[in-house]
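Here the structure comes first, spelled out in structure tokens, and everything after it is commentary.
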Ligand SMILES: Nc1ncnc2c1ncn2[C@@H]1O[C@H](COP(=O)(O)OP(=O)(O)OP(=O)(O)O)[C@@H](O)[C@H]1O
Ligand SMILES: O=c1ccn([C@@H]2O[C@H](COP(=O)(O)O)[C@@H](O)[C@H]2O)c(=O)[nH]1
């Protein structure tokens, strides 16, 4: 039995690269999709937000000198590409997914309409929310918090390259230690960069817990959905 009826899964865009230096690694996306399939088979309703860090980030090196809002729109378009790749891989694996975009590109994907998204979830379809919040100066972590709250998800699951929230960035500080649980207020006060403060604050205000865990650990997503201890729980 899954511990949650409905979840918002935030998938790392950067992790899609696998061992490559850019873009979407085929084996990696198939593996991610199969992990999602395992939890839908448990009867869990799944909404997904995927990042764009494998292609473009508004604040990254490739955008130096650019107008920030323009660069951020490019980042949002990168998430649309990842969302399309994800939904198509789901189709190939026999799953039914719908992509909904926060920015208007109706020849490519349908627009985000909340009641329609809720209908798809009730029908057992996977809904992939593309283009983040639709606004520059935000991130897909904040989009995950926003959409998670909108669709009434019971938890935001951040599947990323690290296996939880640490006292400092574990990729920079080898002495960093992992929390098994941490309160939103403490994560914000300590300025822990695993998610942006806007996402933490929104989830805190909506009493929507977040679990951070590794996308690269086989079976971790299923363990989380079954309510087992995995990664870090960020709570009110
Ligand atoms: N205190 C911390 N605990 C854990 N990770 C941290 C911490 N501070 C910084 N990080 C970094 O945050 C990263 C995860 O967040 P980030 O938003 O960069 O990636 P992502 O969500 O996986 O990628 P994308 O934005 O492409 O979806 C980790 O890879 C880690 O290096
Ligand atoms: O609501 C949003 C979401 C994203 N962006 C831009 O897209 C990139 C990629 O998203 P990540 O969360 O970093 O993976 C981000 O760097 C922003 O430039 C946005 O502007 N608004």
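Just so you know, glycine gets a Cβ as well, placed from its N, Cα and C.
Here TrEMBL flags 10, 11, 12, 13, 53, 57, 160, 166, 169 as ATP binding site. The DSSP secondary structure for residue 12 (ATP binding site) is coil. When Cβ atoms from all protein chains are considered, those within 10 Å of residue 12 (ATP binding site) total 22, not counting its own.
The UMP binding site annotation in TrEMBL covers 52, 72, 133, 134, 135, 136, 137, 138, 139, 140. Cβ neighbours of residue 133 (UMP binding site) (same chain, under 8 Å, six or more residues apart in sequence): 102, 142, 143, 146.
When averaged over the domain 'Aspartate/glutamate/uridylate kinase' (5-214), pLDDT in the model lands at 97. According to TrEMBL, the feature domain 'Aspartate/glutamate/uridylate kinase' maps to 5-214.
Not one of the binding-site residues listed as 10, 12, 160 brings a Cβ under 6 Å of any atom of ligand 2. Residue 135 (UMP binding site) carries neither a helix nor a strand DSSP state and counts as coil. The binding-site residues examined here are 52, 53; by Cβ neighbour count within 10 Å, the least packed of them is 53.
Ranked by CA distance from residue 137 (UMP binding site), the binding-site residues 53, 160, 169 have 53 at the top as the closest. Long-range C-beta contacts of residue 139 (UMP binding site), restricted to its own chain and to partners at least six residues apart, with a cutoff below 8 Å, comprise 51, 132, 196, 198, 199.
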